[in-house]
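Asker: Have a look at this one.
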Amino acid sequence: MDQDNNQPITPSDLSSDSSSINKRLVLEDEVQTETQDDRVIKKSKVSQDEESSMHFYDLEEYNEESDRDWVEGQEEEEEESDTDSIESLLAHPALFRDDDSLVDVDNIEEEEIQKAWTSFTDEEMEQLREEAREIGLMKFLEKHVLQTSTPVPKMLEVFGLYMHPRAALLASDIELLPILKSIITRFLRKRRRLDYVNVLDDVVDLLSKANNIMIVTGAGVSVSCGIPDFRSETGIYSRLQEYELDDPQQMFDIEYFRETPEIFYSFAKELYPANYEPSPSHLFVKLVEDKGKLLRNYTQNIDTLEHKADIKRVVNCHGSFATASCVTCGYKVDGKEIESYIIAQQVPPCPKCGVKEGTNEEEEGPRGVSIMKPDITFFGERLPSEFDNLLALDTQHVDLLIVMGSSLKVSPVSEIMQQIPHSVPQILINRTPITHMTFDIQLLGDCDIIVPEICRRLNWELKHHKLPGGSALSEESIKYSQENPCKFWRNGLYTFPGAVVDAKFLNSQRYLLFIFLLLY
């Protein structure tokens, strides 16, 4: 699709790329074909020698920031999850089957079991790995799995997983596709920092020149509005302890909601954006849009403050309170129609399914045959189709990625980074560092302090009543910036007021240099 590089794309452009997008969605469905039962590890018919023949590609550019999490209290958790992910891949049921109906391997002599493909050369493998970095995960899978029909075991070898021919005979490409996706995702997390993006002035230069900026926003941009985030010490998950849930995320599990909706509605008013106003960070996104530079704002937030800020090019990745739907008949209403129930901590019945009186003492008052649920995406529900459709298009045009106020721990939004070509500059604005992914620059601190500083350097008029003097360009704001300067630690790392960073992370490069001098 030809496009003027100076003009942001519009949703109408989707029609011209519909074929590619449809293929991509089919591929997504195939990747997610595993059921819960499939995840049970079956009795292995693969010998120990066959298992040991599978190993991972030793990444030539080890990135310390990607593999270690120096944030206090998270280092152990990240290491455990990383190990678990490797073990879960090697224990995938596609590699351990007790059903030989596909191939009668018992009647095949060991020496007769040959690979059904010719492996790539080392040079070809390196070219393919570089291509994955350049075009992103889904485009890479679409090209090599859907279009050229390259055997999945052959593609697995590119990223270091070598299957014994017997195992390859037993497993279909459909079964192996989730493994390939997981391995490529792990590989793409080891992104190399761009050598020309190092300091804050580089961020300013990128913003001034970019025309298709993708901004991913999380709870951190709404905290100053009074809306709690999820994972901080005073966040939503910590406040859910009184409900004695097995897991705080259970509050947002769709099956748990269907069984006990009153639990969710007893807490929902804490999340409801009744009287909240957009923050300076929201207005920064709007300012980028007004300057014709915003490709899309992908927000993980459900508070609808992007709409209050009048941002047009926004995707509510996890839905929002803007509308509500019946969990049975799908009847949809404006979110305002259930507002009184949310404030009163009551379960709203579906007006279409009818209402009946309670049948016993425990069911006092009228009870709906079905209930209304805010159109926020719970765990166990698919994200809105708009997310997949627009992301498939936007990854072809994005020229700058900015992540604001998000830890990028929730899939599939956390996988956006793997969809974007590695050549696209990637900037983080957040209170805490992200170390399981590689950004070119991390600006750590309060988002509402960082974005005015960027606007001052761009000479952009960011206005908000919470800013000193009401504007990023006011004398009061300039004075505040001078009295509370950011601190440069090393290329790609700054801290601002509000940063929550472990000292070990800040000094990690100095520590590695010390170890290097000791060893060499």
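Yeah, the Cβs are placed from backbone N, Cα and C, and that goes for glycine too.
The active site, proton acceptor annotation in TrEMBL covers His318. Per TrEMBL, the feature Zn(2+) binding site maps to Cys326, Cys329, Cys350, Cys353. Residues or ranges marked as compositional bias 'Polar residues' by TrEMBL: 1-10. Here TrEMBL flags 59-85 as compositional bias 'Acidic residues'. Residues or ranges marked as domain 'Deacetylase sirtuin-type' in TrEMBL: 193-461. TrEMBL lists 1-86 with the feature region 'Disordered'.
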Asker: With Cβ-Cβ distance below 8 Å and at least 6 positions apart along the chain, what are the contacts of Cys326 (Zn(2+) binding site)? List them in sequence order.
Answerer: Lys332, Cys350, Lys352, Cys353, Ser370, Ile371, Met372, Lys373
Asker: When you tally the Cβ atoms that lie within 10 Å of each candidate's Cβ, which of the binding-site residues (Cys350, Cys353) has the highest tally?
Answerer: Cys350
Asker: Hey, how far is Cys329 (Zn(2+) binding site) from His318 (active site, proton acceptor), Cα to Cα, in Å?
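Answerer: Here the two Cα atoms are 21 Å apart.
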Asker: Over the domain 'Deacetylase sirtuin-type' (193-461), what is the model's mean pLDDT?
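Answerer: Average per-residue pLDDT within the domain 'Deacetylase sirtuin-type' (193-461): 87.
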Asker: Note down the number of other Cβ atoms within 10 Å of the Cβ of Cys329 (Zn(2+) binding site), including every protein chain shown.
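Answerer: Within a 10 Å radius of the Cβ of Cys329 (Zn(2+) binding site) lie 12 other Cβ atoms.
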Asker: Count the Cβ atoms, other than its own, that fall within 10 Å of the Cβ of His318 (active site, proton acceptor), considering every protein chain shown.
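Answerer: Within a 10 Å radius of the Cβ of His318 (active site, proton acceptor) lie 20 other Cβ atoms.
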Asker: Which secondary structure state does DSSP assign to Cys353 (Zn(2+) binding site), in the simple three-class scheme?
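Answerer: Looking at the DSSP assignment, Cys353 (Zn(2+) binding site) belongs to neither helix nor strand, so coil.
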Asker: Helix, strand or coil by DSSP: which one applies to Cys329 (Zn(2+) binding site)?
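Answerer: Reduced to three states, the DSSP call for Cys329 (Zn(2+) binding site) is coil.
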